[in-house]
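Read through the structure below, which is laid out as structure tokens, and then see the notes.
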Amino acid sequence: MATTYRQTAPITYQRDVFPLPVTALAFDPVSDTLWTGLNSGIVTAYYTPQGMRGVTFPIGGGLAVKRIVASDSNVRAYGVASEGVGAWGKGGVNKWNHRANVSVTAMSCNTTSMFGIATATPELMILNSHTGSVVQRSPVSSVLTHLLYPSTHLVSGSSDGFLRLHDPRNVMWHDGGNSVRAHIGGIQGLEASGNYIYTIGLGTRQGRPYPDPLVKVYDIRALKPLPPLPFASGPAFINIIPKRPSTLAITSHQGLVNIVDASNPTVNEFYQLDAPSYITATAVSATGAYLAFGDTDGAVHLMSAAEEGASIPFNGFEGRPIEWADTPEPLPEIDWTDTTPLNIIGMPHYNEQLLSSWTPDFISNGLHYPPPPKIPQVILNTMKINDNVAYAALPKELRGRRNVAVTAPRRPGGRFRSGKGRQESELDTPIYEYDPDVIPRPYRKVEIEYSKFGVEDFDFAYYNRTDYSGLETHISNSYTNAMVQVMHYTLPIRKLAKSHIATDCPREHCLLCELGFVVRMLEDARGTNCQASNFCKTVGFLAQMNNAIELIDFGRETAELSYAHMIQSFHRFLVDHLSSEGNSFPHNPVLIPSPAMSPGLISPAPAPITQLVGIDAKNVITCSNCKAVREKENMTHVIDMIYPRKPLSNEPSVDPDFASLLRTSLLRPTTHKATCQTCKHFATFESKRSIRSRDLPPLLAVNAACHSEEAHKVWRDNRNQTFLKPSVELHGQLEGMEDPEGAIYDLRAMVVQVVTKDQGSHLVAIVKVPDTERTFDQDHDYSWYLLNDFVVRGIAEEEALSFPSNWKVPCVLYLERVDLVQRLDFSGLPTTIDRSILCRDTNIAMTRDKKYVKHKPLRPDELPKPGTLVAIDAEFVSMQQEETEFRSDGTKKVLRPARLSLARVSVLRGEGPSEGLPFIDDHIHTSEVIVDYLTEFSGIRFGDLDPHMTRYTLTPLKLVYKKLRLLVDLGCIFIGHGLSKDFRIINVFVPPEQVIDTVDLYFLPSRQRRLSLRFLAWFVLGENIQTDTHDSIEDALSALRLYKGYQTLESADTFDEKLDELYREGKKYNWRPPAPPTAVSSATPTMVGNVATQMAQMNMNGQQMMPPNMMNSRQSIMQTLMPGPTQFSGQHPMNMYHTPSPSPHPFSPPPWNR
């Protein structure tokens, strides 16, 4: 082997159109493999020096890989955005992941049983390299950028330029002489060999950072500096050459490589890489035979110590064979015959108990199938036997239902409204003995079941018998349901959200608007289930826009998924957005009146949410050396709970109470080290918030931050006493002392995570209903309620505050200040929506065609009053396809229904001189991807919802929602067909007394069949609608005319009779209008062309072409319903935008004349 290196052919991968920089390199110690990390967060293996591409796997986060460490059994790696560190097998299978939930800044490269990582908290942790579990952890004074674990000490380099030694037993740094500042601007590289440490970093020149041209050398035994190694080009990377322990490879970004012996700096070897771009990563093989350099163009340049023409493996010897990507084993070939035993197939992998593993729970308590009855004697008397078979004639008195087996009694508690004979028993007191480790039934995760009638058939009332509404779960990001319920039952926030929807908010995606719509819907529903689909959709959109991908629930529940982390991150995200979206500075109303304020002065008040939950404190920082004090303003909305450290063995254990723990979290005392500007010494600083008790906000928003077993032990019940109290007195900080004046807070609501034994989790809300909204039951007087999505149940206060076991984990708490909440002044907030939006033509389409404008906005004198009739219909498009599971027996189960979004809504005048004229006909603009326009049922086509392509009136969803909300608030009565489903998808609750649904008007409960609008329009009105696609104006107008016909029949007291007649005739035609004939006879070719043209050629009278039976039954209905043809002269407004069938075909009734 030669003593000098030579450059070989680089490794490149040409498939990438835009090459990605190589950000990390590592040679495998036992195989001929080079591991590379790319700027996109991908780790790729290259086999042999020829660069054969192999295993590829992502490490998470989508940003650059910062470090790779290859050991004998696995590959450890972390990236800029991975929020943790993980280990993968050589075939690409993940072994373990440790999530730190913050950025990892450094990782040691040792391959022993333990290694160190540092986070941006800043914190230093020792992990088990086989399992990824935390062995030790401790806070540190500054962010660590480099870690080494060479021998008995852990060596760290930090962003402030300090080099420190840590004891792995407590990972705390030594004081005194065991820390030294190696570089002023921060450490950029760190290596250790034997008793020596080598560092490179940044210095300062004229106040600006620049690469330090010296490689610093320190003796690890005392951290004493030794003569440095000069490198004029600016060292960017340093590596130890194995088997030459005192030799370093120093590399610059420009590709200059200097191999120098630190014990004899005069011995140098210089090389210039033939690299067209900057060097971004370096690595040295385990034997020192290869040097690897990655550049910004995605190439890996190699330097080899092998002689010309010779080739040696990366690891220097014939090691383990190369591991390719792990693939499933092929299925064995089975020569299948009639005698092949089934057990040769083998058992599949399973992680749940098999059905064949019977437990006592499966054993029946009694016989459901009685033994067969004895054969009657009359049969035995006439029985004959032939070839051991007995037979006899069956007497007449015994004839009847035979071969009918007696079945077990049906399980009580149906889940669908279409079910029959359901017994009402659910959620009562359990009959079994209480076990704190068993999750009670109301807390368990619930799923919506789907029958053939869809989600509307699910009996939500079965799970909720209270006057407080739950929320549905079959939509994305519905994990926020619990947080929405907490906001709803926190009255000050509810009032702010409701008032915001009355403002002219310019944002298309506004969480405060959507929260206002949801709380208003929950307030009106009073026990009827609701869904927050618009709110959840806005959460997903804003999370993507703000790069908060961790807040999006993709519906893939894994063991690593923690809804406690998600909901607390979302809580902070939500409060920050509510603060910014509701801020109208300098016109914010003053919610907390102060006697010192002048009434005529413009208020400099902060955002309303900030006035409610903002903690306006001062951060007092004290130098421990000179006692110098400085203050700076500190505003925060959410308090993160902090917990006492675990006491040492010689320290007494102290159980903190909730009040003291909350006060400590509020003041948040911390320590850090820095240079004091007063005494110019590097000293320890103590930092603590300072706020008077009188300045504490009306609401406290608290993140429990209960992420460890030790933290959860603090919350658990102890000696039949709960840690959480319904009321707490909180004292602030006044001039470094506890404020003697206190503020009393009552617990209002909280979000709790329920964790099952298989580590699955979900969230529930536990709220204290305000006294003004409580409904008193004669049996129970509950003030606390559990809201488990759509399951709502009253619970005792002791149960609400109790944390009996580790299945119940606190996440978010809201507390109200007793003396301040009552004084809040909401009189400056708007309360009603501007009615003029019904008089404006709200259009954002740039290509609208006037001939497609079919509506005329209301005039000011036409604004609705309580009881005003309006006809409505809506069309929808699909934003997500239905998820269905097909079973082996041919049946299917709907896992998640299709997610629909409002695409068009039409509202017509229901009375007056312009009856039937639309005043709202808006297509809805959406920024989401539409997966199916459902044109056959909606009439919506591609481009109709695009502001740059549509010919129709296009309006933002929020503005359309405001219009509908205003119509509900004004007391309008809505007429339509199938409105319950429409209103549920739109996310608006309309009181039943304001809804007239023709699907219920023309309905016989005894028949259990509801009639379609198309059939009713054909039979009752004599019109053929929905012949091609649906049109919302046509459908709303048909519903309005059906209602008018219903009134006519009711006034004549003949509706019930005619309804029976309608059902009898409908059964003959299978509840569908018959298709128009397309052929005259068998000898005549099939007619083609427009159906309306063909029907226009038929007899215009139409009556003589109808069968006699249809003539008699239907003509009488129409004569009763419709007045004479001379009652109206001219075209009625109801017919302005409705085109009736040109001519009835032989199975079409004559048109009704008004």
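Just so you know, glycine gets a Cβ as well, placed from its N, Cα and C.
These figures come from a predicted structure and were not determined experimentally.
As given in TrEMBL:
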- 408-427: region 'Disordered' (REGION)
- 469-818: domain 'USP' (DOMAIN)
- Asp873, Glu875, Asp982, Asp1035: divalent metal cation binding site (BINDING)
- 1123-1154: region 'Disordered' (REGION)
- 1141-1154: compositional bias 'Pro residues' (COMPBIAS)
By a simple count, how many Cβ atoms lie within 10 Å of the Cβ of Glu875 (divalent metal cation binding site), its own Cβ left out?
-> 25
Within 8 Å of the Cβ centre of Asp873, Glu875, Asp982, Asp1035, which other residues of the chain have their Cβ, at the recorded divalent metal cation site?
-> Ile872, Ala874, Arg904, Val905, Ser906, Gly976, His977, His1030, Ser1032, Ala1036
Averaged across the domain 'USP' (469-818), what pLDDT does the model get? Just tell me the whole number, please.
-> 88
Measure from the Cβ of Asp982 (divalent metal cation binding site) and count the other Cβ atoms within 10 Å, all protein chains considered.
-> 23
Once near-sequence residues are set aside, which residues in the chain of Asp1035 (divalent metal cation binding site), 6 or more away, have Cβ atoms under 8 Å from its Cβ?
-> Asp873, Gly976, His977, Leu1013, Ile1025, Gln1026
